[in-house]
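As annotated by Swiss-Prot, active site, proton donor/acceptor applies to 67. The NADP(+) binding site annotation in Swiss-Prot covers 33, 62, 67, 167, 193, 222-225, 233, 243, 301, 303, 307, 310-311 and rests on similarity to another entry.
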């Protein structure tokens, strides 16, 4: 049974501001998608994973109302309570949009009703009086943007969240939200949660770049290993029992297309670069995301504590990704970055 670690002690994981806000988040965070709350991932299992992350210097945790139909929030909330952490020492982000089970007319989307009732339900499942960041899990074109921004502003003013953000929103939608916030003296979002990895780059590096530069828009990026593809485990086929053979079967099919085969070849080549610097393919891919200073935190997914230990070692390779190595990776990917000084 995992023992309680009451006080947070930062280790080697660096901290970054969430965009231009004053909130500091660990460069790696731990997410509950596909794991905690699902079958086989009960409170005890979740607690062991959260404690391992905490002991390594991670204090930021991500979930959503839709994850395991709300059970992810329930299990993670119970695990945190049993670990006895001081509320001021960790950061929780959750998301509303998809609902947490039954899809009734007002239990999904971004109406003011669902945004407020959805977070209230999330807080009840988490067993917390507030979250640090509440995010709109997807845009909702059926709801006026003013209603959306006013609802999130109300949650913050009511003390149920400190900040709000977006997830997989377009640059135009984020800009629209900022415009509404400025026009009506409301609270603007501070960060987006986009998919970002070395095979999925255009939206984050090009579409969102102006928002990062103008507003200092932050990012809590997900799928840094692209559902495991960047780990190298699929370089020689799809192992039986792996997520691509069970959960992401459509993605497995995509790997059989000419484009998919090209991507696997690119992963093989980049895996050789990882070997040259002493990293695993996963560690290189994770370190690569953190070379981008516009990334506030990279969300890790882990089904067991040992995976967290190995993935967090990626911080040791951030500085080893020199401009020459980054250029070589871009050449392998046949990707031309914008001419900006965004890497450090």
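Cβ from N, Cα, C; glycine included.
Among the listed recorded positions, namely 33, 67, the Cβ with the most fellow Cβ atoms inside 10 Å is that of 67. A sphere of 10 angstroms centred on the C-beta of residue 310 (NADP(+) binding site) encloses 14 other C-beta atoms. Calculated from their C-alpha atoms, the gap between residue 193 (NADP(+) binding site) and residue 67 (active site, proton donor/acceptor) amounts to 15 Å.
In this structure, of the binding-site residues 193, 223, 303, the smallest number of CB atoms within 10 A of the CB marks 303. Following the DSSP three-state reduction, the secondary structure of residue 33 (NADP(+) binding site) is coil. Around residue 225 (NADP(+) binding site), the same-chain residues six or more apart in sequence whose CB sits under 8 Å from its CB are 197, 231, 282, 285, 286, 301, listed in sequence order. Rounded to the nearest whole angstrom, the C-alpha distance between residue 33 (NADP(+) binding site) and residue 67 (active site, proton donor/acceptor) is 6.
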